[in-house]
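Worksheet: one structure, shown below.
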Amino acid sequence: MEKLADLNYTLSVITLMNDTLHTIMEDPGMAYFPYIASVLTVLFTLHKASIPTMKIALKTSRCSYKVIKYCIVSVFNTLLKLAGYKEQITTKDEIEKQMDRVVKEMRRQLEMIDKLTTREIEQVELLKRIHDMLIAKPVDKIDMSQEFNQKHFKTLNEWAEGENPYEPREVTASL
């Protein structure tokens, strides 16, 4: 266990791998060498990191299945990211968390819609009351005897107040 976590040991293994690859592929024009070396380095690092982590997690944790599942999913997600995929593997727990979040958001939006609907109903009732107050009274209750084309039939002396309401008046404004 001490050898697995030792940084010098890990670095010496990586150097040994690089030296071995250099001796195997002596062709200096090898174009894929950096890619192969980086993939092998990542795989070695994952191997070195995952085994001690899983051993420690199994010893300290009571729920070993969930920890192993999480470690495996993390390793596969790392490999998928290195391969260039944007998709990730998710566990049922993560899916349930996302579904709970979506359901919570839907409930919040339904409550907001309910509040807005209640406000709109109150506004419609208020507009109906305002309309009922503003409704014009029926024509048969208003005395229209003074309004029927009096300028054609009556003279100035016959008007009720003594002057024709349809004639323009002179208005002077003070400056």
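Every residue gets a Cβ built from N, Cα and C, even glycine.
As the structure is a computational prediction, the values presented were derived from the model and not from experiment.
These come from Swiss-Prot:
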TOPO_DOM  1-28  topological domain 'Lumenal'
CARBOHYD  ASN8  N-linked glycosylation site
CARBOHYD  ASN18  N-linked glycosylation site
TRANSMEM  29-51  transmembrane segment
TOPO_DOM  52-175  topological domain 'Cytoplasmic'
BINDING   GLU120, GLN123  Ca(2+) binding site
Do any residues at least six apart in sequence from ASN18 (N-linked glycosylation site), in the same chain, have a Cβ closer than 8 Å to its Cβ, and if so which, in order?
ALA37
In sequence order, which same-chain residues at least six apart have a C-beta under 8 angstroms from GLU120 (Ca(2+) binding site)?
none
According to DSSP, which of helix, strand or coil covers GLN123 (Ca(2+) binding site)?
helix
How many other Cβ atoms are found within 10 Å of the Cβ atom of GLN123 (Ca(2+) binding site), counting all protein chains shown?
10
